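Chemist: Just dropping this structure here.
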Amino acid sequence: MKELVNILDFLPEELGEKIKPMFRVKQIYQWIYQKYANNFSDMSSLPKYLRLELAQNFHFSPVKCVKNEQSKDGSIKYLFELVDGLRVESVLLPMKEEKIDAEGKRISHARYTICVSSQVGCKSGCSFCLTAKGGLKRNLSAGEIVGQILWIKKQNNIPYERRVNIVYMGMGEPLDNLKNVSKAVKILAQNDGLAISPRRQTISTSGLAKQIKELGQMNLGVLLAISLHAVNDGLRTELMPINKAYNIAAIMDAVREFPIDQRKRVMFEYLLIDGINDKLEHAKELVKLLNGIKAKVNLILFNPHEGSLYKRPSLENAIKFQDLLSSKGVTCTIRESKGLDISAACGQLKERAKEQ
């Protein structure tokens, strides 16, 4: 039996090399990403011969949801099975956004963030992260990354034009799979597709300085998030072995070269671990480290998981840490850990074996 190719892996110009004329590619994109077609036979504006040809050569179901769990805060974690049987997790984070209309009335509507995985497992080996425990199995293709987002939007009846933010903060190190992640960014941004602007896509990294520079040179327009978590190389290497290859100085040099929209900032994620990196002297060092960088610090309270030796700090300590940063002019927020009760929060995702 002929192996079908994942059509979600293709940019329009690539698909145009296989399908003529080009306006048919536009129609196919719209059927898949905007009309949420279930199969090629649904694509009624295409001639019958083309629908048959597509069905004989392509599929657009690279991920299959085998389980989902909803948190009391509304977050939903999805366990996806890939074609080869490996599994990844993704999270939908619904949030309420309020605006004032022309009449001065307060209007509330849903805003969505989708946290996607870029690899099955991860080789970075961060000591606080559950994903790293199983090592790296393989990279996801661009279509497997896009497939997570498409499935979640479709399943939750989120219209294609509804604004969503994408964060590459699920399983894996996105910049260790830069080729496919950057292609996913481009596919998601297509006007005939989901039309998710690169400015709404944030790529997080544990600090691969070389790849940060490569990403910057691509000029995709994406936002950058650095998983920092420590203010000196000794502690950071203990928490994140990747620091042996790319130390803090190398990361900061790469960040300074990274092109960022004047209205945006580079996000620095700082995981607060009780008694390890949450002291006020750490906050003071962080202020010095970020001097001259347009930065926003996202403080995250450590999320416990099976086998972890670390503890979650008190909210009181986190607020003191935040207050010191803010008093020195550093934009800083404490991230609300959504999905904590279903192990969907930062550092809790993993490749789960076939349990069902």
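For all residues, glycine too, the Cβ spot is worked out from N, Cα and C.
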Chemist: Have a look through SER204, SER314, SER326 and flag the one Swiss-Prot assigns to the S-adenosyl-L-methionine site that GLY172, GLU173, SER227, LEU228, HIS229, ASN303 belong to.
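Modeler: Matched candidate out of SER204, SER314, SER326, per Swiss-Prot for S-adenosyl-L-methionine with GLY172, GLU173, SER227, LEU228, HIS229, ASN303: SER204.
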Chemist: Out of SER204, SER227, ASN303, give me whichever of these binding-site residues has the highest number of other Cβ atoms within 10 Å.
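Modeler: Comparing the binding-site residues SER204, SER227, ASN303, the most crowded Cβ belongs to SER227.
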Chemist: Looking at the recorded positions CYS115, CYS126, HIS229, ASN303, which ones sit with their CA no more than 10 Å from the CA of GLU89 (active site, proton acceptor)?
Modeler: CYS115
Chemist: Select the most exposed residue of CYS126, CYS129, LEU228, where exposure means the fewest other Cβ atoms within 10 Å, treating these as the binding-site residues.
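Modeler: Among the binding-site residues CYS126, CYS129, LEU228, the lowest count of other Cβ atoms within 10 Å belongs to CYS126.
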Chemist: Using DSSP with the three-state reduction, classify SER204 (S-adenosyl-L-methionine binding site) as helix, strand or coil.
Modeler: strand
Chemist: Select the closest residue to LEU228 (S-adenosyl-L-methionine binding site) from the following recorded positions, measuring between CA atoms: CYS115, CYS122, CYS126, CYS129.
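Modeler: When the Cα distances are compared, CYS126 comes out closest.
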